[in-house]
Amino acid sequence: MRIGQGFDVHAFGEGDHVMLGGVRVPHTHGVLAHSDGDVVLHALCDALLGALALGDIGKHFPPSDEKWRDADSRSFVRAVAGMLRERGYVLGNADMTVICEAPKVGPHAAAMREIVAADLGVDVDRISIKATTTETLGFAGRREGIAALATVLVLRA
Ligand SMILES: Nc1ccn([C@@H]2O[C@H](COP(=O)(O)O)[C@@H](O)[C@H]2O)c(=O)n1
Ligand SMILES: C[C@@]1(CO)OP(=O)(O)OP(=O)(O)OC[C@H]1O
């Protein structure tokens with residue numbers, strides 16, 4: 001049994017939606033990122049890679065590589081899931097927290113869980129996605145950006 005944790009932040013920029021857990025969530029802003037800027041999926045990838053001591057998302061999908069420009073972050077999750085399988089591990093469970101004043105995550109959490117579970121090839125009851133504000137404090141509180149945390153447990157298959 002191994003544990004991993006991940007954290008990601010993206011600044012808000014121009015746009016009308018943010019990608020969160022593979023769901024297109026309408027918002028007053030988009031995010032500045034090389035890929036689609038999905039903080040939930042980036043934190044999840046880092047947690048899974050961390051659990052296996054395989055480095056981080058930037059090592060496997062470098063922002064210097066044009067191949068990943070505007071990439072769908074679900075492709076990162078599927079690739080990392082493959083690394084997990086190759087090494088003989090399965091996901092025990094994953095718990096993610098999105099940190100922002102807006103958009104509201106709760107109404108989209110069920111759809112996000114379904115997407116993450118499908119991409120990892122596990123039952124949805126192994127995937128948790130929740131959210132918090134920072135009560136207007138800090139960069140998230142000033143609505144300058146959005147962050148996500150992920151914790152995973154992986155088990156020998
Ligand atoms: N972006 C967010 C932030 C929060 N929620 C939900 O609201 C609850 C209360 O948030 P507090 O920061 O005031 O504790 C939180 O537990 C979430 O259920 C949300 O959906 N989206
Ligand atoms: C996802 C990658 C892909 O190039 O770029 P960004 O979308 O900028 O996201 P970040 O969370 O900074 O992670 C680094 C990269 O791997």
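Every residue, even glycine, has its Cβ placed from backbone N, Cα and C.
Among the features that TrEMBL reports, 4-CDP-2-C-methyl-D-erythritol 2-phosphate binding site is placed at Asp8, Val9, His10, His34, Ser35, Asp56, Ile57, Gly58, Thr132, Thr133, Thr134, Glu135, Phe139, Arg142. Here TrEMBL flags Asp8, His10, His42 as divalent metal cation binding site. Positions annotated as domain '2-C-methyl-D-erythritol 2,4-cyclodiphosphate synthase' by TrEMBL: 1-154. Taken from TrEMBL, the feature site 'Transition state stabilizer' covers His34, Thr133.
Secondary structure from DSSP puts His10 (4-CDP-2-C-methyl-D-erythritol 2-phosphate binding site) in a beta strand. Cα of Ile57 (4-CDP-2-C-methyl-D-erythritol 2-phosphate binding site) to Cα of Thr133 (site 'Transition state stabilizer'): a distance of 25 Å. Residues His34, Ile57, taken from the recorded positions His34, Ile57, Thr132, Thr134, Phe139, are distinguished by a CB atom under 6 angstroms from ligand 2.
Proximity of the recorded positions (Ser35, Ile57, Thr132, Thr133, Thr134, Phe139) to ligand 1: a Cβ under 6 Å from the molecule is found for Thr132, Thr133. Other than Asp8, His10, His42, the residues of this chain whose Cβ falls within 8 Å of the Cβ centroid of the divalent metal cation site are, in sequence order, Val9, Ala33, Gly37, Asp38, Val39, Val40, Leu41, Ala43, Ala147, Ala148. Put simply, Phe139 (4-CDP-2-C-methyl-D-erythritol 2-phosphate binding site) is 11 Å from Thr133 (site 'Transition state stabilizer') when counted between their Cα atoms. In this structure, the CA atom of His42 (divalent metal cation binding site) is 18 Å away from the CA atom of Thr132 (4-CDP-2-C-methyl-D-erythritol 2-phosphate binding site). Cβ crowding, taken as the number of other Cβ atoms within 10 Å, peaks at His42 among the recorded positions His10, His34, His42. For Ile57 (4-CDP-2-C-methyl-D-erythritol 2-phosphate binding site), the Cβ neighbour count at a 10 Å cut-off comes to 24, with all displayed protein chains included.
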